């Protein structure tokens, strides 16, 4: 600023008559303004280079409780802009929370409507969070030289405003809540982003004074790589008492407190005491603490005001060209970090009646703002004259006894990788039909409860599983289960993509053969062979095909397991890779009647490879989806891209192989002969994660699929049946219609009568049987009206 004022004085003190006579004075002053930007104005004034954008609801009248409404704003694709300030124009007595998304695309019908129900129809495509507000929080003014980049060639072509209305509004009330943004066209030195830690599941028991829910992420396992934290916001509902955030350095075994907030206070992005540099392989962890002494029943994570949430938003700046604008996670991965959190991590902050009063009723904070004056080195100077406060506790470090580690993968992670193109092993034959090359439409607001019923009498007596990863059927209709015995996959299992313990195989039998009608044990095999079981299938001759993500191999065993020696082994033992002789954590196998087979090389390489019956590569297809952190479930990635191809099934009579694209929440099908994209199944009711799929030619062809625990949704985790030809989602089922916990695999019998689901937690196998005499019922509309994609509920 001093520099710019000196230059300004020099220019103005020059003989202006000379400049004017030459016609250069206006041009010179315009160039000067472009160079010095904000610094050329007095403190407290808006820069001459900034302007405002208002983004308001177009007069909506929510008719139901817990309505989620969205409106969109198209951006100029020829002009890049930077948002440097957010000024909320909303009050807590009407808006429960407000979120702003940057999006790649919005359905043009919704743009034309002006507003839409994004509880059912979703938010947008390719979205990322830019701003979050609740409880009458004041404005947020970003540090100098930092902004959220939108428009132009950034890929952010639209903004979407989402508001959660807890209560319906009278017919004569039109709501225009929203926000005002201060924007500049001047490129900023750093771009801003949001790192979000949120719990996808929590069970808060009644009459309990303290329940902790923990979430942690390894920075660098997904975008972004290196970031600089400067602000934070916490969010929970009525039971939340405190939310704390820590940065854990694996090299020094130290915790640094980066955030601690009371979710009942105005939920602004409060400034941290200084910038916290976060490096690749650091771990960010959040702890949400609840007090349920007044509740009579269990409380879960959900989208209504009576449910709970556990969200910690961390605002950061990063490299303008190379950095990523979003990141985060939704589960507890590193239990050893959680166990050694500082003892006061769940101790609430001192009461502050004034802040709690601010958080309710009409917004009285409209003229106040959180500001950060500047970034100097790694320090942020906080403007104390504004409505702001320092981190309530000083930055503190806690020495632990944990051993340093460097982990970057786990069972529910999102690993990315680009696979090399393998040369085809032969001249490809023509496909036997013309593919549809179309996405199956999402149909219906109400979902039928299927006629498939769980058989409570089907039990595997005297059998204790480890993590159950897969289930398959032999030619007689009997069942084979693949499980991990005493081994489990967590944050400590791999170092990079290499297994930490490559010396000790699982000592228990990992393959269990069961009678299909009774669940009686027929055989047990597979001890001292496998390290991290994952996928399983049986071919027409009952040969057993498995994948082991620790070995990075695909193995084929004879029917009945023979003498335990594989007939075929693909991949190099314990060596991950992406060339024609290596896999990286392969997930599944599907075998054709000819003996040719497909392998989904899922966790790292995001590809599917087709082999001849003797194990020669024929071709491969697929590449990694590039849509930000974990896909985040609100985008529509291009066909043929995967975010963990997790399981395969062959619809041989349809000429297609179908892939469970796990973190994109969809099934993609490709032609068997050439691997061309054919069709896609993607339903709101699945949410953002789709773990497995199985096909039966019965009833004209049906797919059965299981979704998984959602980071940001509240719908039940269930099994689903889909008509393959029409694309109709025909129903859903689970034990007693109570939902599943963490299903990992599904298989349907060739006649379509029996369906089996393997759950990796609570480590069991369910059997369902078709009961066509059961009348069709529908799930509660109130639930299905809320079914949406990933961002519907849990972001605020």
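Every residue, even glycine, has its Cβ placed from backbone N, Cα and C.
Since we're looking at a predicted model, the values are computed, not measured.
The Cu(2+) binding site annotation in TrEMBL covers 96, 97, 164, 235, 237, 309.
Look at TrEMBL and you will find 471, 536, 745 tagged as Ca(2+) binding site. The number of other CB atoms found within 10 A of the CB of residue 745 (Ca(2+) binding site), across every protein chain shown, is 30.
According to TrEMBL, the feature protein binding site maps to 484, 603, 662. Residue 603 (protein binding site) is surrounded by 29 other CB atoms, counting those within 10 A of its CB over all protein chains shown.
Per TrEMBL, the feature compositional bias 'Basic and acidic residues' maps to 355-368.
According to TrEMBL, the compositional bias 'Polar residues' annotation covers 391-405 (among others).
TrEMBL lists 413-422 (among others) with the feature compositional bias 'Polar residues'.
Feature annotation from TrEMBL assigns domain 'Copper type II ascorbate-dependent monooxygenase N-terminal' to 55-168.
Listed as Cβ neighbours of the repeat 'NHL' (519-560) (distance under 8 Å, sequence separation of 6 or more from its ends, same chain) are residues 458-463, 469-475, 478-484, 487, 489, 493, 497, 499, 501-502, 505-513, 566-577, 582-591, 593, 595, 597, 599-600, 603, 647-648, 745, 767. The annotation repeat 'NHL' is assigned in TrEMBL to 519-560 (among others).
What TrEMBL records for 575-614 (among others) is repeat 'NHL'.
Residues annotated as repeat 'NHL' in TrEMBL: 631-673 (among others).
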Spatially speaking, which of the binding-site residues 96, 97, 235, 237, 745 is closest to residue 603 (protein binding site)? Use C-alpha to C-alpha, please.
745
Which one is it: of the binding-site residues 471, 484, 536, 662, 745, whose Cα lies the shortest distance from the Cα of residue 97 (Cu(2+) binding site)?
662
Between the binding-site residues 164, 237, whose Cβ has more other Cβ atoms within 10 Å than any of the rest?
164
Compute the C-alpha separation of residue 536 (Ca(2+) binding site) from residue 96 (Cu(2+) binding site), stating it in Å without decimals.
46
Select the closest residue to residue 745 (Ca(2+) binding site) from the following binding-site residues, measuring between CA atoms: 96, 235, 237, 309, 484.
484
Which one is it, among the binding-site residues 471, 484, 662, that lies nearest to residue 164 (Cu(2+) binding site) by Cα separation?
662
Across the repeat 'NHL' (631-673), what is the average pLDDT of the model, as a whole number?
87
With DSSP as the reference, give the number of residues of the repeat 'NHL' (519-560) in helix, strand and coil.
2 helix, 21 strand, 19 coil
